[in-house]
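As structure tokens, the structure follows; a few thoughts come after it.
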Amino acid sequence: MHDILPEEQKYWRYVLKRAESLAEDYSFERITTPVVESMELFLRSAGAGSDIIEKEIYTFKTKGGDDLALRPEGTASIVRAYLENGMNVRPHPVKLYYHGPMFRHDQPQHGRFRQHFQFGVETIGDASEIIDAELIFLAYKLLNSLGLDNYNVHINSMGDSSCRPAYIRTLKDFYKNRTKKVCAQCRVRFKKNVLRMLDCKEESCKEVSKDAPPIVDFLDEDCKRHFKKVLEVLDEAKIPYIMNPHLVRGLDYYTRTVFEFIPDENSKSQLTVVAGGRYDRLIDLLGGSKTPAAGWAMGLDRIILALKENEISVLEIGLKPKVFLVQLGDAAKRKSLVLFENLRKSGIEVKSSLGRDSIKSQLRIAHRLGVKHTLIFGQKEALEDTIIIREMDTGIQETVLLEKVVDMMKKRLKK
Ligand code: ATP
Ligand code: MG
């Protein structure tokens with residue numbers, strides 16, 4: 001788990017601002033759920049044999065004896081909230097977005113943290129292929145608007161409960177004679193959930209899985225038609241994609257479309273930044289009526305690593321102050337509180353640094369912020385109820401009455 005220091009915050013603001021406004025434009029509404037949930041929720045959704053439950057989830061017992069967990073992902077919580085708050089009576093689809101920290105006891109490494117942040121969207125209550133395509137479109141647009149254009153959409157269909165079992169049997173046959181060539185984890189996966197062997201990150205396992213049969217050969221008519229239509233919509237929207245016959249999601253509740261945004265071969269890092277798909281079985285799995293749904297989650301830590309690796313400038317629009325207030329001595333500091341608030345209230349974008357004492361260090365900050373005007377409020381001025389306006393470009397200074405300064409600044413800034 002890591003700290004996000006002040007100088008890092010601009011990256012987070014840059015990404016979240018764009019992500020939120022894009023989601024709002026597409027009629028997604030923000031939802032916030034607790035970071036702590038009952039352990040039961042994830043046992044039921046992710047499933048006992050999943051990586052998340054087997055090795056990654058943080059759990060604890062409360063003094064009252066409840067088994068709780070830090071959420072490892074967002075979707076299960078959102079579906080719980082959807083059901084608990086009776087959102088199923090709202091007009092469908094219900095479109096929600098969220099962001100916040102997720103917790104996984106994973107092996108920390110580049111781009112993999114024990115607390116990481118995700119931004120995600122979910123569309124609940126619509127089975128049509130347009131939804132899958134819209135979600136992919138949205139992730140694509142978001143990456144582009146952040147200045148990240150080196151990602152490919154990898155896409156596959158995982159079928160559903162009518163066609164997947166036959167595929168799983170074939171996959172089992174395929175791996176049966178190859179268990180010696182895969183990692184220890186995969187030998188466990190072979191017994192518990194063979195599909196996950198396709199998702200292993202070990203080189204030796206990837207090598208074995210290359211020859212595994214593709215699931216698309218096993219899709220039934222409905223799943224095939226759905227998949228085809230998703231691809232058609234993507235073609236029409238000119239979203240390039242790569243069919244990846246071995247792409248699966250780590251969680252059991254996914255059905256049909258699954259996708260990931262993976263950097264192209266020329267990129268330095270090979271970290272997946274967006275992962276998602278359709279999960280038509282999760283809502284009934286958690287006690288609701290059978291309701292189709294789809295969504296994705298974006299790993300924000302990895303997005304920010306990518307922004308830095310690609311040296312993308314994250315200029316903060318609207319955060320630039322126009323005026324800096326310098327104050328020296330106790331009397332000026334005391335009066336500064338009210339003056340600062342008066343400037344701020346009248347709509348002037350002003351900054352000050354009350355803690356600092358020397359005029360030199362305060363002017364240095366003013367220069368760094370690139371303000372046009374600095375107000376200098378010294379001991380003498382505080383006694384006389386005056387203040388100095390300094391134009392930063394020319395260095396020209398003028399002493400004015402304190403009670404006039406707000407109006408004068410308003411006029412100067414209008415010019
Ligand atoms: P992986 O296969 O890399 O372990 P995952 O399948 O567990 O990822 P999801 O559960 O789909 O990932 O999470 C969605 C996104 O969140 C991922 O694509 C990734 O960008 C990000 N993410 C997941 N786990 C971590 C982590 N431990 N640290 C940083 N980002 C993460
Ligand atoms: Mg993982």
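Cβ from N, Cα, C; glycine included.
What TrEMBL says about a protein is an automatic prediction, not a curated fact.
Under 8 Å, Cβ to Cβ, and six or more positions away along its own chain, GLN118 (L-histidine binding site) finds GLU73, GLY74, TYR98, HIS99, GLY100, MET102, ALA297, MET298, GLY299, LEU300. According to TrEMBL, the feature L-histidine binding site maps to GLU73, GLY74, THR75, ARG104, GLN118, GLU122, ARG249, TYR253, TYR254.
Taken from TrEMBL, the feature domain 'Aminoacyl-transfer RNA synthetases class-II family profile' covers 1-321.
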Is any of GLU73, THR75, GLN118, TYR254 (binding-site residues) within Cβ reach of ligand 1, i.e. under 6 A, and which?
GLU73, GLN118
When a 10 Å sphere is centred on the Cβ of THR75 (L-histidine binding site), how many other Cβ atoms does it contain?
24
Cβ-Cβ neighbours of TYR254 (L-histidine binding site) (radius 10 Å):
22
Compare all C-alpha positions of GLU73, GLY74, THR75, ARG104, GLN118, GLU122, ARG249, TYR253, TYR254, the record's L-histidine binders, and send over the largest distance in angstrom.
21
